[in-house]
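In Swiss-Prot this protein carries:
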TRANSMEM  12-32  transmembrane segment
TRANSMEM  45-65  transmembrane segment
TRANSMEM  73-93  transmembrane segment
TRANSMEM  112-132  transmembrane segment
TRANSMEM  162-182  transmembrane segment
TRANSMEM  198-218  transmembrane segment
TRANSMEM  237-257  transmembrane segment
TRANSMEM  269-289  transmembrane segment
TRANSMEM  327-347  transmembrane segment
TRANSMEM  380-400  transmembrane segment
TRANSMEM  424-444  transmembrane segment
TRANSMEM  455-475  transmembrane segment
Amino acid sequence: MSGFPTQDFVALVPVAILTMGALVLLMTEVFLTSGRRAYQAYLTMVFAAAAAGYAAWMPVPGNVFGRQAVVDSFSAFVTVVLCAGLALSALVGQSWLNARNSERGEFYALALFGTAGMVLLGMATDLLIAFIAVEVMSLSTYCLAAFLRRGKKPAEAAFKYVVLGSISSALLLYGSALLYGASGSTLFSVLPRGQGSALYLAGIALVAGGVAFKIAAVPFHAWTPDVYEGAPTPVTAFMAAGVKTAAFAVLVRLFLATESGSAAMSTSLGTVLSALAVLTMIFGNLLALPQRSVKRMLAYSSIGHAGYLLVGVVSAVVAGARDKALAGLLFYLAAYTATVIGAFAVVGALERRTRGDFEPADAWDLDRFAGLARRRPALAFAMAVFLFSLAGVPPTAGFIGKFYIFKAAMGAGLYGLAVLGVLTSVLGAYYYLRVVLYMYFLPSKDEAGEVVLSAPSLTIALAAAVAVVVLLGVVADPMVRLAQAASAIIL
């Protein structure tokens with residue numbers, strides 16, 4: 001402890017705030033009655049805001065803990081996005097869990113612990129720190145996936161997530177060991193020393209596979225639809241936004257360091273990443289097309305969005321358009337966080353209640369959305385905004401994000417990836433706009449037993465998400481400038 005200067009520990013204040021918040025919630029849980037547990041969601045928001053505020057106005061950036069982690073504009077931007085996603089997820093979770101009499105402090109504590117791991121992952125510049133952060137994030141999301149112990153789906157989702165996630169962790173750890181053997185260090189910046197050896201190639205492939213699992217890139221995507229569908233809907237929203245943001249942050253840092261070696265290695269890395277992007281965009285959108293479950297459709301579409309983000313990574317890491325591509329990627333992550341959490345919030349609000357309990361068997365079917373504009377016009381409007389953003393329809397945040405990523409790809413000479421991204425976006429628009437068609441142009445089906453959540457916390461979450469999606473689409477310049485500043489100072 002005495003070997004590190006005080007500023008190293010000061011850099012971890014956002015992580016400490018989130019961790020302390022989790023401990024506070026666990027301790028206060030003992031003294032709260034069921035009627036007062038709603039305050040825990042708002043307390044979670046306070047800790048998230050404190051961590052985000054400190055990250056945004058943090059003192060002088062730099063490498064900390066012997067260059068094992070870094071505080072820079074990139075990590076600050078990622079931290080703010082992650083904390084904003086946590087706050088929205090807490091609001092959505094409060095209404096969803098309260099309706100099921102399942103609201104408990106450990107839900108918010110686990111979300112805070114998970115976000116602490118995500119924030120640390122965004123700062124990591126060392127394989128061991130990255131692995132620790134991944135495990136903190138993963139263990140929290142494993143528990144959250146099984147939080148609602150009713151029926152087989154949550155248990156099945158959590159079991160699949162744990163088993164496949166353990167394989168992912170094994171790939172990451174074994175790959176780290178091989179990279180250490182090849183380069184003599186676990187620091188990202190030192191890894192290129194081992195380039196050219198078989199150990200290095202095997203290690204970087206295994207580490208990339210472990211991270212690809214977290215972002216749900218093809219062919220590491222198989223867990224996504226079952227886990228997203230079986231997990232509690234607020235947890236699905238939290239995972240879809242937070243895990244993807246943190247994983248892409250560490251992926252960018254790792255590959256920016258890795259490509260600094262030989263030109264041959266950079267070319268090989270670009271080929272592999274491009275192949276992953278192509279497969280992920282194509283299969284993510286194709287598999288989403290036939291889905292009648294809106295929740296499962298959103299799960300498959302998240303795979304497609306990982307493909308678009310990979311285009312940004314390829315442009316930044318390999319093709320030399322670093323600043324523009326990173327700015328587009330950061331903007332996209334911010335827009336996607338608000339959009340996907342909002343979309344899952346609407347899906348959760350429509351889950352059917354039968355025989356006194358919520359029955360998810362048909363809760364997410366397209367027929368549940370038929371005529372929603374007449375029954376719940378505000379809810380239908382919010383869902384339409386989120387779907388337009390996911391489809392990349394102007395003037396929404398999703399359109400601006402895709403525009404900047406594909407523009408960076410074109411500027412870097414990656415015309416094939418850019419054109420494929422546009423084509424798969426058009427394909428994705430079909431299944432997104434199909435839901436809008438059901439909501440606005442088809443008559444309602446049997447509404448017997450329907451219960452639509454309308455808690456104040458859900459209303460706040462949806463209003464905030466809609467505002468972000470619309471404002472980032474109409475007045476994008478301030479956020480674009482912030483993303484450009486964050487991408488320009490990545491240490």
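Every residue, even glycine, has its Cβ placed from backbone N, Cα and C.
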Cβ contacts the transmembrane segment (198-218)/the transmembrane segment (424-444), at least three under 8 Å, sequence gap 6 or more: no
Cβ-Cβ under 8 Å with the transmembrane segment (45-65): same-chain residues at least 6 beyond its ends: 4, 7-8, 10-15, 17-18, 20-21, 24, 71-73, 75-76, 79-80, 83-84, 86-87, 90-91, 112, 115, 119, 125, 129, 489, 491
Contact between the transmembrane segment (237-257) and the transmembrane segment (327-347) (3 or more Cβ pairs under 8 Å, separation 6+): yes
Distant-in-sequence neighbours of the transmembrane segment (455-475), which means Cβ under 8 A and at least six residues beyond its ends: 38, 41, 88, 91-92, 94-96, 98-99, 331, 334-335, 338-339, 341-342, 345-346, 349, 379, 381-382, 385-386, 389, 394-400
Listed stretch, out of 12-32, 112-132, 327-347, 424-444, that has the most CB pairs under 8 angstroms to the transmembrane segment (269-289): 424-444
Intrachain neighbours beyond the transmembrane segment (380-400), with Cβ under 8 angstroms and 6 or more residues off its ends: 301, 305, 331, 334-336, 338-340, 342-343, 346, 369, 372-373, 425, 428-429, 432-433, 435-436, 439-440, 462, 465-466, 468-474, 476, 480
